[in-house]
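Sharing the record's features from TrEMBL:
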- B:C79, B:C82, B:H83, B:H99: heme c 1 binding site (BINDING)
- B:C225, B:C228, B:H229, B:M295: heme c 2 binding site (BINDING)
- B:211-320: domain 'Cytochrome c' (DOMAIN)
- B:1-28: signal peptide (SIGNAL)
There are 2 protein chains.
Amino acid sequence: MLKHALARPLSLAAAVSLSAVMATTVVADDGLGEYRDRFEPLPHLPPIPADNSLTPEKVELGNMLFFEPRISASGVISCATCHNPALGWTDRIARGTGHDGQIGARNSPTVLNSGFLESQFWDGREPDLEGQALGPIQDSVEMAMDLDHAIERLNEFELYQKKFAEAYPDESDPITIDNLAKALATFQRTLNTPNSPFDRYLRGDMDALTQQQKDGMVAFADNGCIACHRGPALTDSNFWAIQVPGSTDVGRYDVTGDDADMYKFRTPTLRNVAVTYPYMNNGATETLEEAVAIMGREMLNREFEDETIADITAFLHSLTGEMPDFEIPALP
Amino acid sequence: MLKHALARPLSLAAAVSLSAVMATTVVADDGLGEYRDRFEPLPHLPPIPADNSLTPEKVELGNMLFFEPRISASGVISCATCHNPALGWTDRIARGTGHDGQIGARNSPTVLNSGFLESQFWDGREPDLEGQALGPIQDSVEMAMDLDHAIERLNEFELYQKKFAEAYPDESDPITIDNLAKALATFQRTLNTPNSPFDRYLRGDMDALTQQQKDGMVAFADNGCIACHRGPALTDSNFWAIQVPGSTDVGRYDVTGDDADMYKFRTPTLRNVAVTYPYMNNGATETLEEAVAIMGREMLNREFEDETIADITAFLHSLTGEMPDFEIPALP
């Protein structure tokens with residue numbers, strides 16, 4: 001991406017703007033500072049809760065548990081089945097497919113940068129990753145495992161006895177549901193993707209984006225996408241009503257029972273959106289171009305021109321960051 | 001393991017033998033050379049077929065395909081689901097569990113060192129990894145995917161068009177069933193586990209095994225286990241009749257229809273047997289100790305003493321090698 005951007009000739013406008021700024025500050029600028037100021041680069045780590053410190057021992061244990069299929073009823077489904085590191089830590093199918101091949105109601109969100117979200121799941125039914133972690137294990141369509149049974153299974157392995165004791169050194173009986181959730185949440189807080197071309201651009205590398213990507217950033221801001229897709233993860237973590245093609249999902253209404261929440265979903269992150277297709281709560285939208293057009297139509301009441309769609313799509317491609325380092329654990 | 005072995009005091013017999021040999025050859029020896037001569041260390045690579053050269057491009061493509069769930073009917077099952085690198089490249093459940101949660105008839109063998117086997121599957125129904133690779137993709141209980149459909153899916157991705165073209169540069173239309181099989185087989189030929197404690201011992205490191213492991217090696221040879229479990233992968237790749245507890249599986253008879261093949265299965269490799277539990281064609285045997293006792297009883301007509309079982313089990317633990325390097329691929 002960087003190489004490509006460097007190879008592009010500067011547009012006339014950018015070249016003029018660049019020389020004007022260089023005369024006074026010797027820092028190259030493309031004249032889009034007012035736009036850049038409305039965005040935030042992604043930090044390397046999200047907020048860490050005071051009651052679940054991010055220790056190397058907990059990260060290691062959480063890494064093991066994330067890939068552990070023996071905490072599913074079938075013994076073959078782990079968190080990594082639907083949050084597959086080979087597939088942008090999601091599954092790239094329309095809707096999650098789990099226990100006995102059952103197909104869930106919604107598209108599997110990526111776990112990348114999920115620690116930056118202020119609520120979890122499409123409907124925000126859990127406030128944090130600790131709450132989120134236990135959902136799919138128990139869900140009859142996903143891992144279909146009773147949590148007490150999961151704890152019993154883990155207790156059968158000496159290695160887990162050792163690793164839980166290392167992660168929770170002050171506890172006499174550390175293999176608990178709570179500690180399972182805390183370890184999984186801790187591991188997931190390390191799965192972030194900093195240093196995307198857009199992050200490098202926001203930090204001053206004017207060549208990190210192509211001109212089309214910059215045009216897309218401008219269109220993204222000027223058209224109001226940024227109203228909801230803002231902050232480091234490009235989501236306001238708020239809930240907005242939308243019925244995408246083919247969906248009858250009532251969204252957050254299922255959580256609150258409040259008519260005002262009918263069809264509302266939490267704004268998804270746009271980080272790595274190019275590698276976390278398909279899109280929307282029902283996963284029925286295959287391409288970014290279609291997704292941009294649908295969002296313009298449904299949320300902004302605009303029919304985007306093809307050029308605008310192409311520019312915003314190019315911008316969204318600049319949000320793909322460096323995939324996190326992790327190891328496939330050697331499970332017991 | 002090495003550290004542990006070095007920390008052990010030498011037994012008197014070993015010490016005497018050691019000093020006797022050192023006096024004449026300055027090479028330490030434990031006096032078990034006649035046993036060592038009956039075994040072979042595991043090479044770093046198995047035989048490579050003349051018509052499927054092992055190129056880096058094919059290894060890379062095969063690595064991608066091995067982790068590719070979109071060549072399953074559900075879109076979530078890949079080779080790595082049942083041959084999970086976190087679980088000794090097998091699944092550590094009794095019998096393979098695949099499409100729609102269906103449970104297969106047999107225990108999933110590890111793919112580690114499978115290139116050393118002279119036939120594939122428990123019943124040897126395929127002669128090589130090229131033939132093996134296509135079985136689970138099509139099997140209705142496993143990935144349940146029509147092969148033509150799998151090829152169509154792969155063709156949808158530009159990255160696969162590129163990677164197949166790189167792997168098969170002389171072909172104008174390289175995404176074929178044959179080339180899918182060849183790439184998967186090539187990747188699997190790299191999944192070997194050399195340098196186990198036993199291999200280091202066979203190469204002259206007298207401290208690589210504990211005394212109990214050496215006693216186990218002697219018992220393994222003297223009791224006749226070595227008759228079938230021989231050669232670098234500790235299998236003769238031959239077929240032998242056995243009905244383990246709980247099994248009514250007719251084995252190779254299903255392949256040949258020959259009464260002489262009733263209940264026959266190919267001798268499994270013992271490489272990494274300690275990390276590829278459970279055991280036997282039906283996966284009903286949980287521990288190595290039970291497995292050793294059953295094999296003594298069923299194949300050798302012997303009731304092993306507890307000490308013999310413990311020694312052989314210790315020896316089998318020395319067959320766990322270095323897990324292969326590989327990368328979780330970034331799939332398209």
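Numbers here mean position along the shown chain, with the first residue as 1.
Using N, Cα and C of the backbone, Cβ positions are placed for all residues, glycine too.
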Using DSSP, tally how many residues of the domain 'Cytochrome c' (B:211-320) sit in helix, strand and coil.
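Taking the domain 'Cytochrome c' (B:211-320) as a whole: 49 helix, 9 strand, 52 coil.
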For B:C225 (heme c 2 binding site), identify the closest of the binding-site residues B:C79, B:C82, B:H99, judging by Cα separation.
B:C82
For the recorded heme c 2 site formed by B:C225, B:C228, B:H229, B:M295, name the remaining residues of the chain with Cβ within 8 Å of the site's Cβ center, in chain order.
B:F220, B:G224, B:I226, B:A227, B:L234, B:T267, B:L270, B:M299, B:L300
Using C-alpha atoms only, work out the spacing between B:C228 (heme c 2 binding site) and B:H83 (heme c 1 binding site) and round it to an integer in Å.
25
If you measure Cβ to Cβ, which of the binding-site residues B:C82, B:H99, B:C225 are under 8 Å from chain A?
B:C82, B:H99
Which residue, out of the binding-site residues B:H83, B:H99, shows the minimum number of other Cβ atoms inside 10 Å of its Cβ in this structure?
B:H99
Among all the protein chains here, how many other CB atoms are within 10 A of the CB of B:C82 (heme c 1 binding site)?
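Step by step: centre on the Cβ of B:C82 (heme c 1 binding site), count other Cβ atoms within 10 Å, giving 24.
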Cβ within 8 Å of the heme c 1 site centroid (B:C79, B:C82, B:H83, B:H99 excluded): which residues?
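Sorted by sequence, the hits are B:I77, B:S78, B:A80, B:T81, B:D91, B:G96, B:G98, B:S108, B:P136, B:E142, B:M143.
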Taking the Cβ of B:C228 (heme c 2 binding site) as centre, how many other Cβ atoms lie within 10 Å?
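Step by step: centre on the Cβ of B:C228 (heme c 2 binding site), count other Cβ atoms within 10 Å, giving 20.
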Quick one: largest C-alpha distance among B:C225, B:C228, B:H229, B:M295, binding heme c 2 per the record, in angstrom?
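The span, Cα to Cα at its widest, is 11 Å.
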